[in-house]
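Feature annotations, reproduced from TrEMBL:
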{"type": "DOMAIN", "residues": "239-515", "note": "domain 'SAM-dependent MTase RsmB/NOP-type'"}
{"type": "BINDING", "residues": "331, 332, 333, 334, 335, 336, 337, 355, 383, 401", "note": "S-adenosyl-L-methionine binding site"}
{"type": "ACT_SITE", "residues": "454", "note": "active site, nucleophile"}
């Protein structure tokens, strides 16, 4: 599947597209309802719009299966106007979002989700008792999380944070809720000013230390224990720190439309977006801030560039596509890597994109047309295992960007850490093995199979390849050193990007030759 936040749909709804980005099905969860939806047209100019939108988006993400995605140039998120969601949920509208509000919503929503475990620890510590916290209304809890995040991580003016979040609670809920927000936020301010915030002690056995680290760095306990086991405590802390930092992005210039990296640089200079050239990929430019300006300028909507992490681009480098080849992307939709492969084929050859999700495949086809690479792409709606078993066609190169845990992309997918469970890992490994076996059927003798993930977990990466090679002796490893810079190549010859080492999303790829 296409990698996370690397390709966006043509209507500028910025949607994560990683193999790990399926939303959890929480639509039947305890989402508070206010009866049938109705248009009230009630306008409230006292409540700050970015806080109202942030609170509602947090509700939708936690209970409705929505993504922690970005907003486009009209303040839209996942297919609808954000103020419409506010009105249906809270019963009133605020003024429309301006550019500053859009940036704040993105920051507050992403940051509040990342730091949720730590914020909840503090909120619980400041409540009268555990029952007060456990029985708290979901919307009230989101408002408190926003206030705590604004005070502790954004260091906004305390008076404004207290005043506006109290006002939101009073209008959206009731006066008593506002009084509770006022009391708890003022307690927080006193503790912050006296440098006496509650903090778990890092002591005891491994399990107790993992629990403390999980609070301090706001990750699930099982992830902390897994990373401490694989990498040691110090590296695990560095990884969690990276995951909690503001994500950085890369833009890929779409050469298929005649838009070069130099053209992209010029546009970024005109938009006053700080940037630097990727040292690894000739089509890519790095940006730390200003993505919202790029979106507002319409560069994505016009198909001139895509948001795609270098780690995903390097997977395509491992595949090494050329004009005239026959290639199949086995879990393609909605198509970040597929589109990059197509642009490198210069309109010559055949690129099949297969996916089991018809809706996401439709997005791929639409984006391919927008980026003018649809002349080489054929979309196939099918289950890979069924397709491979029935297929009489073999390909020069096969890419299997497999469904995975997404543990390498947690800095961009703020909500993913809370949607993954330890039990998912065994199910994913079984699925990865089945898909690898199916993909191998499609490779010509002398052809190439690339297995990739956006995970940093060895059980999903090296161990899956080792297991595959035991089952398929007709394949052998072709070292990635011929295709990517040496700092990304492991001793076994695999491609591996590390958030800690390379400051990129975590990704893995094995290039396998059919002898």
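Here the Cβ of each residue, glycine as well, is placed from N, Cα and C on the backbone.
With the fewest other C-beta atoms within 10 Å around its C-beta, 331 stands out among the binding-site residues 331, 333. Across the structure, residue 333 (S-adenosyl-L-methionine binding site) and the residue listed as 'active site, nucleophile' place their CA atoms 15 angstrom apart. Binding of S-adenosyl-L-methionine is attributed in the record to 331, 332, 333, 334, 335, 336, 337, 355, 383, 401, and the widest Cα separation among these residues amounts to 20 Å. When the Cα atoms are compared, residue 331 (S-adenosyl-L-methionine binding site) and residue 454 (active site, nucleophile) turn out to be 13 Å apart. Sequence-distant neighbours of residue 383 (S-adenosyl-L-methionine binding site) (same chain, 6+ residues apart, CB-CB distance under 8 A): 356. If you measure from the Cα atom of residue 337 (S-adenosyl-L-methionine binding site) to that of residue 454 (active site, nucleophile), you get 12 Å. Between the C-alpha atoms of residue 335 (S-adenosyl-L-methionine binding site) and the residue listed as 'active site, nucleophile', the distance comes to 14 Å.
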